[in-house]
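Participant: Copied straight from TrEMBL:
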DOMAIN    B:105-293  domain 'ABC transmembrane type-1'
REGION    B:1-20  region 'Disordered'
TRANSMEM  B:39-61  transmembrane segment
TRANSMEM  B:109-134  transmembrane segment
TRANSMEM  B:146-176  transmembrane segment
TRANSMEM  B:222-246  transmembrane segment
TRANSMEM  B:267-292  transmembrane segment
Amino acid sequence: MKPLVLEVESLTKHFPLGGGMFRKVKNVVQAVSDVSFTVAAGETLAIVGESGCGKSTTGRAIMRLLEPTAGSVKLDGEEITEMSPGKLQAARRNMQMVFQDPFGSLNPRMTVRETLMEPILLHGVASGERAQKWVTDLLKTVGLSEHHADRYPHEFSGGQRQRICIARALSTRPRLIVCDEPVSALDVSVQAQIVNLLQDLQQKLGLAYVFISHDLSVVRHIADRVAVMYLGRIVEQAPAEQLFADPRHPYTRALISAAPRPVPGLRTAVEAAEGDAPSALNPPSGCAFHPRCPLATAECSQARPELRQVGDGGALVACHHADEPAPVVLETAPPASATLSARLGVLAAARAAAAETAKA
Amino acid sequence: MTLAATDPEEITAATEDGTASAAPPARAHWFRRLLRDRAAALALLVLALIILGALLAPWIAPFDPALNSRSVMTPPAWSAMGESQYLLGTDGQGRDILSRLLYGSRLTLLIGFISVGLGGAIGSLIGLLSAFYAKLDPWVMRGVDILLSFPAILLGLALVAVMGQGIVPVIIALAVSSVPDCARIARGIAVGVMKQEFIEAGRAVGLSDLTLFSRYLLRNCISSIMIFISLRFGQVVLIGATLSFLGLGARPPTAELGMMASQGREFLLFAPHIAVIPSVLIFVIVLSANVAGDALRDVLDPRLQA
């Protein structure tokens with residue numbers, strides 16, 4: 001068992017609504033409630049869920065970019081939530097973040113060198129010549145070259161900027177990187193590059209990732225374990241393979257069956273979960289998912305299911321009906337149409353011909 | 001989506017292909033780029049000449065600006081009735097307009113620079129702090145609103161009543177009236193910048209508030225604020241001229257452009273040059289300041305470069 005880098009326990013973040021100069025706090029948005037998980041060195045925990053479910057808030061609360069309302073976050077055994085500003089500043093050396101928007105998360109007035117130099121000097125990672133060398137190394141590590149250092153962020157493409165952001169996150173040699181939807185603003189081919197870069201870096205440096213995403217195919221590729229969030233709570237947490245093969249929570253099943261699959265001719269899969277996500281201002285009684293759940297019973301609207309061990313694969317599920325067999329219903333691909341088969345045939349023939357010429 | 005396993009070398013190669021692999025030429029110095037803009041270069045030249053003239057007034061002015069001569073209301077030298085020693089003619093009391101212009105722009109520019117500098121600096125700082133510390137925001141901005149309700153002219157009148165006539169109360173009045181405008185503009189710009197992710201990214205890196213404020217917020221706001229201040233400079237020069245037009249500013253016979261325009265007002269029909277010449281100079285100062293400010297923004301903001 002590798003050492004735990006991050007231990008999150010009962011993390012809660014509520015936002016008071018209203019409030020201001022002469023107003024009273026009217027409502028509370030329960031963005032994140034009672035979230036617990038751990039991440040070991042070299043491990044990737046993915047947090048998935050639809051927008052507004054509290055994924056990003058969780059990430060920011062871990063980093064203490066938002067003050068958590070309650071709960072504890074331990075980085076290498078050290079409590080983050082109660083650190084004084086000075087100690088927190090020093091602790092930031094060990095936890096870094098990569099943001100969603102590569103166009104907005106770099107200071108447009110600073111060259112790449114200045115951006116990378118900043119954390120290096122701030123945390124005393126290196127100085128003078130060695131710091132310069134480290135910047136060059138970082139750029140090479142993320143697949144950029146030295147002459148990029150003196151350019152400004154607006155001179156780069158989205159994928160390149162995200163590389164710079166990753167380089168910045170690596171600059172202090174952190175233990176943990178929180179990736180908040182690092183690839184969702186990039187186009188698919190660039191996504192693959194960035195995801196692979198993150199994986200290579202993890203192997204090389206033993207980083208722990210908290211990978212926040214709504215893209216299941218990316219998560220499936222990168223994650224060791226997956227936590228599914230719904231309305232501020234973790235509803236299922238399991239090793240990635242198991243989660244995708246045998247999801248136990250009806251919401252996870254809905255997510256997986258709603259994800260697009262690259263199968264030609266496939267119509268939309270089964271009916272997705274009905275209705276919209278309820279408001280975090282006024283979450284439903286009992287299980288938050290019960291108004292949309294196909295398995296809901298009277299019990300579900302009264303008692304909130306606690307996260308509990310289900311099966312022996314290490315899955316934690318918060319559902320009263322987690323033990324009921326309910327496979328993911330995936331629409332089978334329709335037989336390829338005559339036109340499609342004809343086109344594929346032409347392609348195959350062309351490919352075979354190309355192979356022939358290459359051989360000859 | 002398929003994620004082909006790619007090794008880092010391949011990634012590097014792919015990146016290299018996309019961009020120029022040779023080192024780019026060094027960027028020209030910002031001042032050189034500023035001069036490439038013809039309008040800006042002209043505006044800067046004009047401003048520089050006016051400022052130079054104002055600074056060197058005691059040495060280059062042909063006459064004492066307060067000296068009365070017997071040639072009253074002489075038109076400029078190029079007109080039929082002009083006299084060659086009075087290049088821009090004389091005013092209603094026989095004083096040389098060119099000399100008064102040189103000395104007058106001295107005072108006008110001084111009032112403009114000091115009051116806009118003071119008011120702009122204080123106002124921008126208030127606005128930026130208000131955006132940076134969101135908790136302060138409602139309180140600070142209500143205070144600014146109260147300040148906004150004092151018209152500059154009224155404030156000037158009140159200050160002159162207390163402190164007596166002179167340029168100091170005018171400068172204070174103009175500075176105070178610039179504070180709320182600058183604070184609001186600076187806050188508006190800063191709130192937009194604060195919403196961007198790089199502020200949060202800076203915080204995540206572990207930067208102190210001071211660094212975050214100066215290197216992230218201020219650096220991203222300063223160019224827009226400078227534009228506003230340069231526009232405000234024009235306004236302040238105008239309000240300053242208005243105040244001396246009302247007899248609040250410099251005490252006669254000291255020359256000031258607004259005062260010269262107001263004195264020429266009586267003779268507008270038969271000796272228009274007395275009012276028109278200082279007015280044109282005010283116009284030129286304000287216009288050049290605006291054009292130069294605009295161009296300055298273009299070169300200082302790396303995002304606006306092609």
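Even glycines carry a Cβ here, placed using N, Cα and C.
Any TrEMBL annotation is an automated prediction that lacks curation.
It should be emphasised that the depicted structure is a prediction, and the values quoted were computed from it without experimental measurement.
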Participant: Between the transmembrane segment (B:39-61) and the transmembrane segment (B:222-246), do 3 or more CB pairs sit under 8 angstroms, pairs being 6 or more residues apart?
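Facilitator: No, the stretches stay apart by this measure.
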Participant: Take the transmembrane segment (B:146-176) and find every residue of the same chain, 6 or more past its ends, with a Cβ under 8 Å from one of its Cβ atoms.
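Facilitator: Tertiary neighbours of the transmembrane segment (B:146-176) are 107, 110-111, 114-116, 118-119, 122, 184, 236, 239-240, 242-244, 246-251.
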Participant: Would you kindly list the residues that approach the transmembrane segment (B:39-61) from elsewhere in its chain, counting only those six or more residues past its ends and only Cβ-Cβ distances under 8 Å?
Facilitator: 96, 98-99, 102-103, 105-106, 109, 281, 284-285, 287-289, 291-292, 294-296
